[in-house]
(Lines of atoms letter the chains of each structure in order from A and count residues from 1; the text may use other names and numbers.)
(Lines give C-alpha, C1' and ligand atoms only; values in the text may rest on other atoms or scores of the structure.)
Protein backbone atom coordinates (compact mmCIF):
# COMPACT_ATOMS: atom_id res chain seq x y z
CA UNK A 1 0.00 0.00 0.00
CA UNK A 2 1.20 3.52 -0.82
CA UNK A 3 -1.17 5.61 1.26
CA UNK A 4 1.01 8.67 1.63
CA UNK A 5 1.53 8.76 -2.14
CA UNK A 6 -2.25 8.88 -2.61
CA UNK A 7 -2.56 11.72 -0.10
CA UNK A 8 0.30 13.61 -1.79
CA UNK A 9 -1.23 13.03 -5.22
CA UNK A 10 -4.45 14.77 -4.18
CA UNK A 11 -2.50 17.53 -2.44
CA UNK A 12 -4.49 20.74 -2.12
CA UNK A 13 -7.78 18.92 -2.72
CA UNK A 14 -7.56 17.55 0.83
CA UNK A 15 -5.99 20.59 2.47
CA UNK A 16 -9.15 22.00 4.00
CA UNK A 17 -10.37 18.81 5.63
CA UNK A 18 -10.73 18.78 9.42
CA UNK A 19 -10.89 15.01 9.79
CA UNK A 20 -7.97 12.62 10.21
CA UNK A 21 -6.19 10.98 7.26
CA UNK A 22 -4.07 7.92 8.13
CA UNK A 23 -1.97 6.24 5.42
CA UNK A 24 -1.48 2.46 5.49
CA UNK A 25 -3.85 1.98 8.42
CA UNK A 26 -3.96 -1.42 10.11
CA UNK A 27 -7.52 -2.66 9.71
CA UNK A 28 -6.95 -5.56 12.10
CA UNK A 29 -6.93 -2.96 14.87
CA UNK A 30 -10.58 -2.05 14.28
CA UNK A 31 -12.29 -5.23 13.09
CA UNK A 32 -13.69 -7.56 15.73
CA UNK A 33 -11.99 -10.50 14.02
CA UNK A 34 -8.64 -8.77 14.62
CA UNK A 35 -7.39 -9.91 11.22
CA UNK A 36 -6.86 -8.51 7.73
CA UNK A 37 -4.66 -6.16 5.74
CA UNK A 38 -4.10 -2.41 5.45
CA UNK A 39 -6.31 0.43 4.28
CA UNK A 40 -4.42 2.52 1.72
CA UNK A 41 -5.77 5.64 3.44
CA UNK A 42 -8.12 5.68 6.43
CA UNK A 43 -10.29 8.80 6.79
CA UNK A 44 -12.38 9.85 9.77
CA UNK A 45 -14.40 12.96 8.88
CA UNK A 46 -15.05 15.52 11.61
CA UNK A 47 -18.75 15.83 10.77
CA UNK A 48 -21.21 15.68 7.86
CA UNK A 49 -19.95 18.94 6.35
CA UNK A 50 -16.38 17.63 6.41
CA UNK A 51 -17.48 14.34 4.84
CA UNK A 52 -19.29 16.22 2.06
CA UNK A 53 -16.16 18.29 1.36
CA UNK A 54 -14.09 15.09 1.19
CA UNK A 55 -16.50 13.44 -1.25
CA UNK A 56 -16.41 16.48 -3.51
CA UNK A 57 -12.59 16.57 -3.36
CA UNK A 58 -11.81 12.94 -4.21
CA UNK A 59 -12.05 11.99 -7.91
CA UNK A 60 -14.68 9.36 -8.62
CA UNK A 61 -12.16 6.89 -10.07
CA UNK A 62 -10.56 6.49 -6.63
CA UNK A 63 -12.35 3.74 -4.70
CA UNK A 64 -14.11 4.55 -1.44
CA UNK A 65 -15.11 1.98 1.18
CA UNK A 66 -17.30 2.81 4.17
CA UNK A 67 -16.92 0.81 7.37
CA UNK A 68 -18.56 0.97 10.78
CA UNK A 69 -17.34 -0.38 14.10
CA UNK A 70 -16.00 -3.51 12.39
CA UNK A 71 -18.30 -5.97 14.13
CA UNK A 72 -19.62 -7.61 10.97
CA UNK A 73 -16.58 -7.22 8.77
CA UNK A 74 -13.86 -9.44 7.32
CA UNK A 75 -10.94 -7.59 5.71
CA UNK A 76 -8.87 -9.61 3.26
CA UNK A 77 -5.12 -9.79 3.74
CA UNK A 78 -4.23 -7.89 0.55
CA UNK A 79 -5.74 -4.74 2.00
CA UNK A 80 -8.21 -2.15 0.74
CA UNK A 81 -7.26 0.21 -2.11
CA UNK A 82 -8.23 3.87 -2.07
CA UNK A 83 -9.89 5.47 0.93
CA UNK A 84 -11.62 3.70 3.80
CA UNK A 85 -14.10 5.99 5.56
CA UNK A 86 -15.17 5.48 9.14
CA UNK A 87 -17.61 7.89 10.77
CA UNK A 88 -16.47 8.96 14.23
CA UNK A 89 -18.62 8.88 17.34
CA UNK A 90 -17.77 12.53 17.96
CA UNK A 91 -19.16 13.73 14.64
CA UNK A 92 -21.85 11.14 13.94
CA UNK A 93 -22.63 9.50 17.28
CA UNK A 94 -25.35 11.67 18.80
CA UNK A 95 -28.80 10.29 19.57
CA UNK A 96 -31.83 12.17 20.86
CA UNK A 97 -35.55 11.85 21.47
CA UNK A 98 -37.37 14.00 18.90
CA UNK A 99 -40.98 13.11 19.80
CA UNK A 100 -42.69 10.91 22.41
CA UNK A 101 -42.08 7.83 20.25
CA UNK A 102 -39.30 8.90 17.86
CA UNK A 103 -35.51 8.77 18.11
CA UNK A 104 -32.95 10.42 15.84
CA UNK A 105 -29.54 8.76 15.79
CA UNK A 106 -26.28 9.40 13.97
CA UNK A 107 -24.80 6.60 11.90
CA UNK A 108 -21.95 6.05 14.38
CA UNK A 109 -24.30 5.67 17.34
CA UNK A 110 -23.95 2.18 18.86
CA UNK A 111 -27.11 0.12 18.48
CA UNK A 112 -26.99 -0.51 22.23
CA UNK A 113 -27.10 3.25 22.87
CA UNK A 114 -30.35 3.54 20.91
CA UNK A 115 -31.83 0.69 22.95
CA UNK A 116 -30.77 2.40 26.19
CA UNK A 117 -32.18 5.77 25.09
CA UNK A 118 -35.48 4.13 24.17
CA UNK A 119 -35.63 2.56 27.62
CA UNK A 120 -35.02 5.92 29.30
CA UNK A 121 -37.87 7.48 27.28
CA UNK A 122 -40.31 4.58 27.58
CA UNK A 123 -40.26 3.86 23.84
CA UNK A 124 -40.86 0.22 22.98
CA UNK A 125 -39.66 -1.72 19.96
CA UNK A 126 -35.91 -1.16 20.27
CA UNK A 127 -34.96 -3.89 22.76
CA UNK A 128 -33.44 -6.00 19.95
CA UNK A 129 -30.70 -3.40 19.42
CA UNK A 130 -29.43 -4.27 22.90
CA UNK A 131 -28.15 -7.53 21.40
CA UNK A 132 -26.53 -6.17 18.22
CA UNK A 133 -22.86 -5.14 18.66
CA UNK A 134 -22.76 -2.68 15.78
CA UNK A 135 -23.66 0.91 14.94
CA UNK A 136 -26.70 2.47 13.30
CA UNK A 137 -25.08 2.96 9.88
CA UNK A 138 -24.50 -0.76 9.50
CA UNK A 139 -27.95 -1.55 10.86
CA UNK A 140 -29.48 0.67 8.19
CA UNK A 141 -27.39 -0.84 5.40
CA UNK A 142 -28.03 -4.51 6.21
CA UNK A 143 -31.43 -4.27 7.92
CA UNK A 144 -29.91 -5.64 11.11
CA UNK A 145 -32.22 -7.63 13.32
CA UNK A 146 -32.41 -9.97 16.27
CA UNK A 147 -35.01 -11.74 18.35
CA UNK A 148 -37.60 -11.56 15.60
CA UNK A 149 -37.38 -7.77 15.06
CA UNK A 150 -35.65 -5.94 12.19
CA UNK A 151 -34.43 -2.40 11.61
CA UNK A 152 -36.95 -1.88 8.80
CA UNK A 153 -39.78 -2.08 11.35
CA UNK A 154 -38.50 1.05 13.10
CA UNK A 155 -37.08 3.28 10.31
CA UNK A 156 -38.99 6.43 9.34
CA UNK A 157 -36.41 8.38 7.34
CA UNK A 158 -32.72 8.04 6.50
CA UNK A 159 -30.28 10.85 5.72
CA UNK A 160 -27.23 10.16 3.53
CA UNK A 161 -24.59 11.71 1.31
CA UNK A 162 -24.08 10.56 -2.26
CA UNK A 163 -20.71 10.22 -4.03
CA UNK A 164 -20.79 13.90 -4.99
CA UNK A 165 -21.39 15.03 -1.39
CA UNK A 166 -25.06 15.89 -1.90
CA UNK A 167 -27.59 15.23 0.86
CA UNK A 168 -30.20 12.58 0.09
CA UNK A 169 -33.17 11.61 2.26
CA UNK A 170 -35.04 8.34 1.90
CA UNK A 171 -38.25 7.02 3.37
CA UNK A 172 -38.57 3.52 4.74
CA UNK A 173 -40.09 2.37 1.44
CA UNK A 174 -37.28 3.96 -0.59
CA UNK A 175 -34.70 1.97 1.40
CA UNK A 176 -36.00 -1.21 -0.26
CA UNK A 177 -35.60 -3.44 2.76
CA UNK A 178 -35.55 -7.23 2.69
CA UNK A 179 -34.05 -9.84 5.01
CA UNK A 180 -30.56 -8.59 5.97
CA UNK A 181 -30.55 -6.31 2.93
CA UNK A 182 -31.25 -2.79 1.75
CA UNK A 183 -31.65 -1.81 -1.89
CA UNK A 184 -30.29 1.70 -1.21
CA UNK A 185 -27.48 2.54 -3.68
CA UNK A 186 -24.13 1.16 -2.54
CA UNK A 187 -22.42 4.55 -2.91
CA UNK A 188 -24.64 6.28 -0.37
CA UNK A 189 -23.11 6.99 3.03
CA UNK A 190 -25.74 7.05 5.75
CA UNK A 191 -25.22 9.83 8.29
CA UNK A 192 -28.33 9.64 10.48
CA UNK A 193 -31.86 8.29 10.67
CA UNK A 194 -35.16 8.83 12.44
CA UNK A 195 -36.80 5.80 14.05
CA UNK A 196 -40.26 5.27 15.51
CA UNK A 197 -41.34 2.90 18.25
CA UNK A 198 -44.36 2.92 20.53
CA UNK A 199 -45.16 3.86 24.11
CA UNK A 200 -44.36 1.03 26.49
CA UNK A 201 -43.84 0.52 30.20
CA UNK A 202 -40.16 0.82 31.14
CA UNK A 203 -40.24 -2.35 33.20
CA UNK A 204 -41.49 -4.28 30.18
CA UNK A 205 -38.76 -2.80 27.98
CA UNK A 206 -36.08 -3.59 30.57
CA UNK A 207 -37.29 -7.19 30.87
CA UNK A 208 -37.10 -7.60 27.09
CA UNK A 209 -33.57 -6.15 27.01
CA UNK A 210 -32.46 -8.44 29.84
CA UNK A 211 -33.87 -11.43 27.97
CA UNK A 212 -31.89 -10.43 24.87
CA UNK A 213 -28.66 -10.14 26.87
CA UNK A 214 -29.22 -13.39 28.75
CA UNK A 215 -29.83 -15.21 25.47
CA UNK A 216 -26.61 -13.83 23.96
CA UNK A 217 -24.52 -14.80 26.96
CA UNK A 218 -26.02 -18.28 27.04
CA UNK A 219 -25.73 -19.32 23.39
CA UNK A 220 -23.26 -16.98 21.66
CA UNK A 221 -19.45 -16.72 21.98
CA UNK A 222 -19.62 -13.00 22.72
CA UNK A 223 -16.22 -12.86 24.43
CA UNK A 224 -14.37 -14.27 21.42
CA UNK A 225 -12.93 -12.45 18.41
CA UNK A 226 -15.97 -12.92 16.18
CA UNK A 227 -17.95 -11.10 13.53
CA UNK A 228 -21.32 -12.35 14.78
CA UNK A 229 -23.58 -14.47 12.61
CA UNK A 230 -21.51 -15.69 9.66
CA UNK A 231 -24.32 -16.73 7.30
CA UNK A 232 -27.89 -15.61 6.73
CA UNK A 233 -30.62 -18.02 7.72
CA UNK A 234 -31.94 -19.88 4.65
CA UNK A 235 -35.69 -19.89 4.12
CA UNK A 236 -37.37 -22.46 6.34
CA UNK A 237 -34.35 -23.35 8.45
CA UNK A 238 -31.48 -21.91 10.50
CA UNK A 239 -27.92 -21.59 9.25
CA UNK A 240 -26.50 -23.14 12.40
CA UNK A 241 -28.67 -26.23 12.02
CA UNK A 242 -27.43 -26.84 8.48
CA UNK A 243 -23.83 -26.20 9.53
CA UNK A 244 -24.20 -28.64 12.40
CA UNK A 245 -25.79 -31.32 10.20
CA UNK A 246 -22.89 -30.98 7.76
CA UNK A 247 -20.45 -31.75 10.59
CA UNK A 248 -18.89 -28.29 10.76
CA UNK A 249 -19.37 -27.43 14.44
CA UNK A 250 -15.88 -26.73 15.79
CA UNK A 251 -14.30 -27.05 12.32
CA UNK A 252 -10.92 -25.32 12.29
CA UNK A 253 -8.64 -24.01 9.54
CA UNK A 254 -5.47 -22.26 10.67
CA UNK A 255 -6.47 -19.97 13.50
CA UNK A 256 -10.11 -19.77 12.38
CA UNK A 257 -12.86 -21.92 13.88
CA UNK A 258 -16.62 -22.37 13.70
CA UNK A 259 -17.51 -21.88 17.34
CA UNK A 260 -18.35 -25.07 19.26
CA UNK A 261 -20.77 -22.92 21.28
CA UNK A 262 -22.71 -21.56 18.29
CA UNK A 263 -21.60 -22.97 14.95
CA UNK A 264 -22.86 -20.03 12.88
CA UNK A 265 -20.29 -17.87 14.66
CA UNK A 266 -16.81 -17.90 13.17
CA UNK A 267 -14.03 -17.02 15.62
CA UNK A 268 -10.38 -16.06 15.51
CA UNK A 269 -8.71 -18.29 18.09
CA UNK A 270 -5.69 -15.98 18.11
CA UNK A 271 -3.66 -16.38 14.92
CA UNK A 272 -6.24 -16.35 12.12
CA UNK A 273 -5.60 -14.40 8.94
CA UNK A 274 -8.30 -13.04 6.68
CA UNK A 275 -7.52 -15.97 4.39
CA UNK A 276 -8.06 -18.50 7.20
CA UNK A 277 -11.43 -17.00 8.04
CA UNK A 278 -12.73 -16.77 4.49
CA UNK A 279 -11.40 -20.21 3.54
CA UNK A 280 -13.14 -21.67 6.58
CA UNK A 281 -16.37 -19.93 5.62
CA UNK A 282 -16.24 -21.23 2.06
CA UNK A 283 -15.39 -24.72 3.33
CA UNK A 284 -18.54 -24.63 5.45
CA UNK A 285 -20.58 -23.40 2.48
CA UNK A 286 -19.21 -26.22 0.31
CA UNK A 287 -19.96 -28.89 2.91
CA UNK A 288 -23.49 -27.62 3.56
CA UNK A 289 -24.11 -27.48 -0.19
CA UNK A 290 -22.90 -31.06 -0.56
CA UNK A 291 -24.88 -32.29 2.45
CA UNK A 292 -28.22 -30.54 1.98
CA UNK A 293 -28.12 -28.69 -1.35
CA UNK A 294 -28.48 -25.34 0.46
CA UNK A 295 -26.33 -22.43 -0.70
CA UNK A 296 -25.60 -20.48 2.47
CA UNK A 297 -25.20 -16.74 1.91
CA UNK A 298 -22.64 -14.70 3.79
CA UNK A 299 -24.00 -12.27 6.37
CA UNK A 300 -20.53 -11.02 7.21
CA UNK A 301 -19.30 -8.35 4.80
CA UNK A 302 -15.98 -9.26 3.14
CA UNK A 303 -13.94 -6.43 1.64
CA UNK A 304 -10.52 -5.76 0.15
CA UNK A 305 -8.12 -7.71 -2.03
CA UNK A 306 -6.81 -11.22 -1.60
CA UNK A 307 -3.11 -11.60 -0.93
CA UNK A 308 -1.39 -12.82 -4.14
CA UNK A 309 -1.71 -16.58 -4.41
CA UNK A 310 -4.34 -16.74 -1.66
CA UNK A 311 -7.64 -16.14 -3.44
CA UNK A 312 -10.64 -18.05 -2.08
CA UNK A 313 -13.30 -19.31 -4.50
CA UNK A 314 -16.96 -19.38 -3.56
CA UNK A 315 -17.91 -22.84 -2.28
CA UNK A 316 -14.21 -23.66 -2.96
CA UNK A 317 -15.20 -23.93 -6.62
CA UNK A 318 -17.82 -26.59 -5.91
CA UNK A 319 -20.94 -26.06 -8.01
CA UNK A 320 -23.70 -28.63 -7.56
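Residue numbering: from 1, along the chain as shown.
Backbone N, Cα and C atoms are what each Cβ position is placed from, and that goes for glycine too.
Because the structure is a prediction, the values reported are computed rather than measured.
As given in Swiss-Prot:
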- 180: active site (ACT_SITE)
- 229: active site, proton donor (ACT_SITE)
- 299: active site (ACT_SITE)
- 34-200: domain 'FAD-binding PCMH-type' (DOMAIN)
With every protein chain in view, how many other Cβ atoms are within 10 Å of the Cβ of residue 299 (active site)?
18
Rounded to the nearest Å - Cα separation of residue 180 (active site) and residue 299 (active site):
8
Residue 180 (active site) CB neighbourhood, other CB atoms within 10 A
19
I'd like to know the mean pLDDT over the domain 'FAD-binding PCMH-type' (34-200).
97
For residue 299 (active site) and the residue listed as 'active site, proton donor', determine the Cα separation and express it in whole Å.
7
Taking DSSP as the reference, which of helix, strand or coil describes residue 299 (active site)?
coil
Close in space but at least six residues away in sequence, with Cβ under 8 Å from that of the residue listed as 'active site, proton donor', the same-chain residues are 239, 264, 265, 299, 300
Going by DSSP, is the residue listed as 'active site, proton donor' part of a helix, a strand, or coil?
strand
